[in-house]
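Student: Below you'll find the structure I mean.
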Amino acid sequence: MKYELQKTDGRARRGRLVFERGVVETPAFMPVGTYGTVKGMTPEEVKETGAQILLGNTFHLWLRPGQEIMKLHGDLHDFMQWHGPILTDSGGFQVFSLGAMRKIKEEGVHFKNPINGDSVFLSPEKSMEIQYDLGSDIVMIFDECTPYPADWDYAKRSMEMSLRWAARSRQRFDELNNKNALFGIIQGGVYEDLRDVSVKGLVDIGFDGYAVGGLAVGEPKEDMHRILEHVCPQIPEDKPRYLMGVGKPEDLVEGVRRGIDMFDCVMPTRNARNGHLFVTDGVVKIRNAKHKDDTATLDEHCDCYTCRHYSRAYLHHLDRCNEILGARLNTIHNLRYYQRLMAGLRQAIEEGKLEHFVEDFYGRIGKPVPPLNV
């Protein structure tokens with residue numbers, strides 16, 4: 001993987017990630033394919049929305065169908081028939097989400113398999129081996145996602161263990177002679193001094209890119225913005241920056257303003273299945289009765305398959321009838337909305353007009369522009 005920084009506008013960056021499997025224009029949004037599928041979508045449909053890279057979930061794919069089934073097909077690309085780049089998370093966040101079902105120790109995490117109750121162990125080394133078998137174009141180190149709220153002492157211990165796990169991840173990745181990219185994950189909760197230690201430790205180890213983890217876990221938006229403003233300038237300029245698990249359209253805009261290059265989130269797909277659709281002027285809740293006889297298209301500014309063919313009334317009808325097609329059409333639209341948003345941000349950075357874009361974006365959805373303290 002090679003990262004090329006092409007243009008900046010303030011802290012915002014316009015670049016590209018070059019892989020053997022294709023080019024990813026940044027800032028980029030990665031649809032989430034947890035189980036080897038973006039829910040309800042064929043790979044061709046996902047590509048048509050403008051997506052150039054997907055996210056796969058190491059934890060879930062390891063538990064089901066497992067490494068051996070994957071290797072029978074070649075790797076995850078062959079298994080799911082997506083031949084563009086794939087980033088896989090390490091499983092750290094999913095283990096963190098298990099709560100009482102897991103025990104975190106220095107060697108790794110012991111937990112109960114949520115599918116069948118078996119005792120399972122996941123370590124930095126095992127995560128690197130699984131992601132190697134998946135053929136991930138971007139491998140994420142195994143870390144502990146520091147919860148929110150966490151006091152300074154807990155966040156410090158968690159961050160320090162994540163640094164030790166980062167070094168172990170790096171070592172096992174190199175032992176496997178993996179030629180793909182390995183990203184470090186910056187932890188430290190909402191504490192700037194801990195984030196400083198994490199960034200320096202990871203840069204000293206050396207990675208192909210750096211993710212900001214432990215945000216979008218319940219902290220106030222002001223804290224997310226503050227941490228990004230503090231951390232991003234410390235990340236080497238020639239390496240991509242990835243904000244994990246984010247987020248709402250406004251979060252993507254604010255991340256880009258602060259120097260983030262990559263995002264992922266289940267929001268566009270999950271919300272689509274619940275009739276919550278993103279449009280240029282905000283949100284349409286297609287389940288609401290007012291759309292029953294609305295012959296208008298979902299978003300007159302959108303060029304997706306759904307908006308080119310169907311009315312709000314039809315989408316409302318499908319949702320009320322629990323038709324699978326409704327969830328699919330909604331997903332196509334939401335994914336395209338996110339990709340159009342990213343394309344707009346990229347163009348604005350190229351033209352040196354990012355803040356004009358930001359003002360227009362917030363004006364359309366009727367919200368004030370958050371302050372930028374950089």
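The backbone N, Cα and C atoms fix where each Cβ goes, glycine too.
This is the feature table in Swiss-Prot:
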ACT_SITE  D89  active site, proton acceptor
ACT_SITE  D264  active site, nucleophile
BINDING   D89, S90, G91, G92, F93, D143, Q187, G214  substrate binding site
BINDING   C302, C304, C307, H333  Zn(2+) binding site
REGION    245-251  region 'RNA binding'
REGION    269-273  region 'RNA binding'
Student: Would you mind reading off the Cα separation of G91 (substrate binding site) from D264 (active site, nucleophile), to the nearest angstrom?
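Tutor: So the Cα of D264 (active site, nucleophile) lies 15 Å away from that of G91 (substrate binding site).
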Student: List nothing but the largest Cα to Cα distance in Å, as a whole number, among the residues D89, S90, G91, G92, F93, D143, Q187, G214 that the record says bind substrate.
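Tutor: Across D89, S90, G91, G92, F93, D143, Q187, G214, the two farthest Cα atoms sit 15 Å apart.
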Student: Of the recorded positions D89, S90, G92, F93, D143, which one sits closest to C304 (Zn(2+) binding site) when you measure Cα to Cα?
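Tutor: If we rank D89, S90, G92, F93, D143 by Cα distance to C304 (Zn(2+) binding site), first place goes to D89.
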Student: Inside 8 A of the center formed by the CB atoms of D89, S90, G91, G92, F93, D143, Q187, G214, which other residues of the chain have their CB, for the recorded substrate site?
Tutor: V95, F96, M140, I141, F142, E144, C145, S162, I185, G213, M244
Student: Would you mind reading off the Cα separation of F93 (substrate binding site) from the residue listed as 'active site, nucleophile', to the nearest angstrom?
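Tutor: Between the Cα atoms of F93 (substrate binding site) and the residue listed as 'active site, nucleophile', the distance comes to 13 Å.
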Student: Which chain-mates of D89 (active site, proton acceptor) that are at least 6 residues away have a CB under 8 A from its CB, listed by sequence?
Tutor: L55, G56, N57, T58, F59, M140, M244
Student: Check each residue in the chain of Q187 (substrate binding site) that is at least six apart in sequence and keep those whose C-beta is under 8 Å from its C-beta; list them in sequence order.
Tutor: D143, E144, C145, T146, A155, S158, M159, S162, L194, R195, S198, G213, G214
Student: What is the number of residues in the region 'RNA binding' (269-273) that are helix, strand and coil, as DSSP sees it?
Tutor: 5 helix, 0 strand, 0 coil
